[in-house]
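Annotated signal peptide per TrEMBL: 1-16, in sequence order. Annotated transmembrane segment per TrEMBL: 26-47, 68-89, 118-137, 149-165, 192-211, 218-237, 249-268, 275-296, in sequence order.
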Amino acid sequence: MGIVLVVMSVLSLTAAIKSKGEHTTLTISIIMSIIAGLCAHSCLPKLRDTFIKANLSGRDLLKKDKPLLPETMGLPVAIIYLITLFLFIPFPFIDWFEGAHLVHKVDPSMGTFPYNKLGEILSAILAIQSMILLGFADDVLDVRWRYKVWFPAIAGIPLMIFYYTNKGVTYVMMPVQLRPYLGDLVDLGPLYYVYMGILIIFCTHSINILAGINGIEAGQSIVIGISVIINDLLFVFNNPDRASVEAHLFSLYFIIPFVGVTCALLWHNWFPARLFVGDTFCYFAGMTLAVVGILGHFSKTLLLFFLPQIFNFIYSCPQLFRLVECPRHRMPRLNDQGLLQCSTVRLNDKKPMGRLGNLALKFLRTLGLLKVFEYDQDNRIVEPPELNSLQQEQSHPSPLLDVVNQDEPQIITSSLTNGPAPTTFASTSVSTKKELEFTYQEDTPTPRSYLDSTVVPTLLEGMKLLASERPSDPLAYLGHFLLSRSSEGKQL
């Protein structure tokens, strides 16, 4: 792989020296990106066994056979991306290597080599490289959210320091509707750096939050990356503003190789996935997009490309801020028919959901964004679906079925249509209990064979979920799982 990239760089350098076209460097970047994507495509299958032997692997819970797949496969993709950028660094400065225009136009004693442009590229690479390192640490050490939420801000420090030392602009252009009141431009001053830090944190974690289905992390990154490329190309050609052209060329130098290697990753991560991208890729993708948005001076446009992620973040806030129980993996579950359906969150009996969480869920249900599966006797939500926009199709709002008998104990059933409906008894009474009568026939299976075919597989699946979700109350979680999997005619 390294030999191929070196040979390609030598050939591209020769082409750049012979060609004097204004956008020759962009052509070289495209060629290098294609080769980087091909290298990533060929390397990923070969590294499968290496990652599995290193215990960087996990079960695909969304397939019936639950195969063992390598995780953290975003790491080799990120490394190939960094190598590509390292080899590309000389090409934007090819004129200075030729000895052309080395004299400053005003002061002949000053060199005209664009050190600020070189520093811009190096600071961007350092920020991306730092985020890749922290993402790999998260994959290996499984860092808690309260700590890793600050990882992007730490990795973005070199970027913000360079921006400050090179007197980067701190003003923003106002919308047309607000210009009569605030003017065309508003200088945010130090608040602009706070905005940059928040943007870096959001872009990085939003890719990680909108996940859980094969190909979704790499797929959304490619969509955003292509949108950035189209936006940059609109400013590069036939633009008289040289500063704007340089800013968007810088963005293209970083985003085109990113799309190239991510396409190779998506090829292997598409359903049925043969690998998992891991948090390393999510952090790498988010930081790369944030870097090109900030140094390319189109951060507000970048937020428009992140609209689906913004909606998913707002929708997930009750779980992200622990107003509602949040499992370790927020993804659909595989039903008995081999189809994906909405996963539910069984709330902790020892620590019930607070008033704010209950109000948030009822507000989402009022807007038609939430389907509640179960209430208790006090009309409190006890089993909502996971708050992830990927599961909206499985949890499309429908009327809640409430079956109430005044003479018997109150029974509230679920409206879940794709699986067995859990039943909650609001009160119990000895007088209402009935003895169960069984009629045994000659072909009736033995108790052991019956348990082996019904209860044991369900218990094994529940234990696997316990190992992956790590709930705060394992016994209650397992009990609710068994209850949700029970159906009419089955006795667990």
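Glycine too: its Cβ is placed from the backbone N, Cα and C atoms.
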**Message:** So, taking each listed stretch (68-89, 149-165, 218-237, 249-268, 275-296) in turn and counting its Cβ pairs to the transmembrane segment (26-47) that are under 8 angstroms, which one gives the highest count?
**Reply:** 249-268
**Asked** Looking at 192-211, 249-268, 275-296, which one has the highest count of Cβ pairs under 8 angstroms to the transmembrane segment (118-137)?
**Response** 275-296
**Request:** For the transmembrane segment (249-268), name the stretch out of 68-89, 192-211, 218-237, 275-296 with the most CB-CB pairs under 8 Å.
**Result:** 218-237
**Fill in**
Lying 6 or more residues past either end of the transmembrane segment (275-296) yet within Cβ distance under 8 Å of it, the residues of that chain are 44, 48, 56, 58, 60, 69-75, 77-78, 81, 120, 124, 127-128, 131-132, 134-136, 138-139, 151-152, 155-156, 159, 163, 196, 199-200, 203-208, 211, 217-218, 221, 224-225, 228, 232, 247-248, 250-251, 254-255, 258, 262, 265, 268-269, 302
**Fill in**
Lying 6 or more residues past either end of the transmembrane segment (68-89) yet within Cβ distance under 8 Å of it, the residues of that chain are 1-2, 5-6, 9, 28-29, 32-33, 36, 39-40, 43-44, 47-48, 51-52, 56-60, 118, 121, 125, 128-129, 132, 135-136, 139-140, 253-254, 257-258, 261-262, 264-265, 268-269, 273-282, 284-285, 288
